[in-house]
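Here's what Swiss-Prot has on this protein:
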- 1-79: region '5-fold hub' (REGION)
- 1-52: region 'Disordered' (REGION)
- 9-30: compositional bias 'Basic and acidic residues' (COMPBIAS)
- 39-52: compositional bias 'Basic and acidic residues' (COMPBIAS)
- Ala219: site 'Interaction with the intermediate capsid protein VP6' (SITE)
- Phe223: site 'Interaction with the intermediate capsid protein VP6' (SITE)
- Met227: site 'Interaction with the intermediate capsid protein VP6' (SITE)
- Met838: site 'Interaction with the intermediate capsid protein VP6' (SITE)
- Met840: site 'Interaction with the intermediate capsid protein VP6' (SITE)
Amino acid sequence: MAYRKRGARREANLNNDDRMQEKNDEKQDSNKIQLSDKVLSKKEEVVTDSHEEVKITDEAKKSTKEESKQLLEVLKTKEEHQKEIQYEILQKTIPTFEPKETILRKLEDIKPELAKKQTKLFRIFEPKQLPIYRANGERELRNRWYWKLKKDTLPDGDYDVREYFLNLYDQVLTEMPDYLLLKDMAVENKNSRDAGKVVDSETASICDAIFQDEETEGAVRRFIAEMRQRVQADRNVVNYPSILHPIDYAFNEYFLQHQLVEPLNNDIIFNYIPERIRNDVNYILNMDRNLPSTARYIRPNLLQDRLNLHDNFESLWDTITTSNYILARSVVPDLKELVSTEAQIQKMSQDLQLEALTIQSETQFLTGINSQAANDCFKTLIAAMLSQRTMSLDFVTTNYMSLISGMWLLTVIPNDMFIRESLVACQLAIVNTIIYPAFGMQRMHYRNGDPQTPFHIAEQQIQNFQVANWLHFVNNNQFRQVVIDGVLNQVLNDNIRNGHVINQLMEALMQLSRQQFPTMPVDYKRSIQRGILLLSNRLGQLVDLTRLLAYNYETLMACITMNMQHVQTLTTEKLQLTSVTSLCMLIGNATVIPSPQTLFHYYNVNVNFHSNYNERINDAVAIITAANRLNLYQKKMKAIVEDFLKRLYIFDVSRVPDDQMYRLRDRLRLLPVEIRRLDIFNLILMNMDQIERASDKIAQGVIIAYRDMHLERDEMYGYVNIARNLDGFQQINLEELMRSGDYAQITNMLLNNQPVALVGALPFITDSSVISLIAKLDATVFAQIVKLRKVDTLKPILYKINSDSNDFYLVANYDWVPTSTTKVYKQVPQQFDFRNSMHMLTSNLTFTVYSDLLAFVSADTVEPINAVAFDNMRIMNEL
C-alpha cells in the first residue's frame, strides 16, 4: 500500500511537470510574438527593467541542498540574462530632454538697461513745508520750507549710518541712467503764461506748491509764471528749468555730461552682425532702411573673462553652462524627413538576414531606434559643444551596434566633451568587444587611474595601419582654440568639418570586419561583421551627418559672445549610445540650418546676458570699493557678492558654497572701478554732511551728562533735547572711540559731573510722550557705551514735546520743564531758497535710442538643399 502511494505521487508529479512544461512553452511562444510585435510596431513606449522576483517552486525547496543550489544559480543567471535582453530589446523610447523653461525665460528676459525709460530726474532731496513753534511750544500758522530727504528710511535694529550711505550709493547705481532725454520727461507748467514746460513732473509739483503758498513773494510767483523751455533748433539743443537741490543738480548734470549713447548708422548695424554670419553665403541679409541723423544706440559691454568663472568656481560654472545648454537646445534646428523607423528596422532585419526576431545578439542592434531619439541626440551633441557641457555615455556592452555607433561618435566629437570615466568605459568596451577580438589579442586589463586611455594603449599594440591610424586620430581629436571677433571659439578639426574622417573610420571598420576573430565563435564574428555592414551601408549619410553637425555647430557658435572656456562640469548631460545608433541609421538627406530669426534671437540673448554680466560686475566692484572706504568691508562683503549673483538672474544663491563666495569677493576686489561709478561715489562722499542734516533719523552726535539737563525750546520742534552746537562741551570722536576701545575717559568725566559730547553720525529715535520721558530718564542710552562698550548700537532718544504731541497740555498746564540725561546734537537742515534751487538743464532736443539693432536687418536663407559648408560644397551631398 505504501509502494502504491509512492508511485501515485510520482505520477502526479510527472503530470504536474508536463503541465508546467506546456505552460512554459506557451509563455515562450507568446513572448516571442510580443517581442516581434513590439520591435516592429510603430508605437513607441517606455519599458523599464523587469523587477519580478523569480519564485522558487515548492518542489525545488523540497529537493536536496545541492540540487536547490544549482537550481538557484540557473534561475539567477536566467533572470539576469532576461533583464539585460529586455533592457535592450524592449526599450523603444529614449528618455527625452525636458527643457527647464524657467531658466530659459530668465535668460530671455534680460533686456538692455535702456529699456527702462527715464521719466524723472534723479533726486535725493525734496523741499518740505515744516511748521514753526512759538516759545511756549504752540504751533504757529506760518510754515517754512526746508530740503529734506525723499526716502528717509533707516531699518530697525542695530544699523550703522555708514550702511545707509552704502545703500544710498547702491540705489544711485541702480537708478543711474545710461542716457537722459529731457524732452521725453518734460511736463507742462500749470502756472506758465504761455504753456511753457519744466523738466519733469516733480519740478512742476514743487512750483505748484510754492505758487500756492501764501508766504511766497510776488517776484517768485512772477518768475514761476515765466518758467519755460528754451529751444536752439539749429544746434539740436533744448534748455529746461528745474528745481533741484545743489547736490541733485550735480548728479543730473553729471549724468547729462556722461551719457553712453552713440550715433547709430548702417555701418554700425552691419558690423554688429557676427562676421561669420555676414560672410555665410547661405544667409541673405538686407538693410533697406536709412537711419535718421538722430538715431542713437548704447554699445553693449562685452569685456571678456574678468572673473574667470571657469577657474575654481565649479558650482557657478555648472549653472552658467547649464543655462547656456538649455538656451542652445532651444535654437538647434530639428531634423527633418528622417528615414521611417519601421522601414529602416525592416531593412536592417533583411541586412542581418533575420528570419524571425529571436533572442540573439543581432536583435539588439535594432533596439531604441526611433526618430525622437535621433533628433534628441542631434540637439544634445550640438548644444553640449556650444555650452561646453560635459557629456556621459550610457550603453550596454552586449549591443555591438551601439558600440560601433559609439566609434562614429568618438570620431567626430572631441574627447574633452566626455567625462573621463565614461570615455574610458566606452573605449574599453570597444577595444575588448570589437578591436582586440578581431586580431585574436587577449582582453585589455585596464588599471583605473591610468593616465593613458584604452585607445592610447591600443594604438601602440595594434599592427594594422588603418585601425592604428583611426585610433591615432581619435586620441588626438581635440578642439582648436581660435579667437574670432575677440571671442575664444572651440573649433572642430577640418577633417571632421568636411566629413573626410568618416572615410578613415570606414577603412578601419572594413579592416576589422575582414579579420578572423580567431579566439571567438563564428556567431560572434558574424554579429560584429553584420553590425559593421549596417553602418558601412550608410557611409554617404554619415559623411553628410558629420558635415551637418559641424555646420550647425559653427553657425550657432558665431552668435556666442563670451569666451568658450572648456572645463569639465560638475554635472553631465547623459547620452545613450542607442540614440546615437538612431541618429546614424535614420538620418535622411534633408538639410537643416538655423533660421536667421533664430540666429538673431540667440545672438541677442547672448549679448544681453554678457552685457548685464559686465554691468553687474562694475556695480559690485564699485560697492566693494565704497564699503572699504566706509569701513564696512567685513560687515557687508558676503551680502554684496550675494546681491551681485542675484542680479545675474540665473543663480540659486543659497546653494553656492561659501568658499566660492569669498573667492568671488577676492576676484572682484582686484578689478578697477569704472570711472562713472567712482565719480558718483565721490559726489556722495563729499556731501555726506548735507545728507545727514536733511534726515529726520540721523544725528551728528550725542551729549551725555551725569545730571539731568532741561529740554529747551526749538523753533522747528518745540520743547526738545537737541543741541544745535557743541560750545562748552568736551568732544570725543565716535570713530576714534571705536578704534581705541578706551572708555575710561568718558566714565571719569561723567563721574566728575562733566558732560561729554560724542561726535559722529548715528541714528536716533523720536519720542513725544512725556510719560515715557519720566519713566526712562534716558539712563539706558549711554549704559551700552559705558558697560557693553558697543558704540555701533548707540541710538539716543530725541524727545519732542509741542502742541502736536499727546501730552503737551500736561506740560503746559503744570508749567513743568522736562529733563533728560542726553541731548541729541543735530544741525539745522538746509533751508529752501527758490533762487538758489532753480537750475537750467541742457540736453539734445531729440534723438531716438534703438535697442534691437538687428530689427533693421531683413534676412532669409537659400533653399536648404543648396546650402553649402565652408568648403563651398553642399552640406548634404547624398541625394
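Placement of Cβ uses the backbone N, Cα and C atoms for every residue, glycine included.
Taking the Cα atom of each, Ala219 (site 'Interaction with the intermediate capsid protein VP6') and Met227 (site 'Interaction with the intermediate capsid protein VP6') are about 13 angstrom apart. Neighbour counts of Cβ atoms within 10 Å were compared for the recorded sites Ala219, Met227, Met838, Met840, and the top value is held by Met227. If you take the C-beta of Phe223 (site 'Interaction with the intermediate capsid protein VP6') and look for same-chain residues 6 or more apart in sequence within under 8 angstroms, you find Phe834, Met838. Separating the Cα atoms of Met227 (site 'Interaction with the intermediate capsid protein VP6') and Met840 (site 'Interaction with the intermediate capsid protein VP6') is a whole-number distance of 10 Å. A helical conformation is recorded for Phe223 (site 'Interaction with the intermediate capsid protein VP6') in the three-state DSSP classification.
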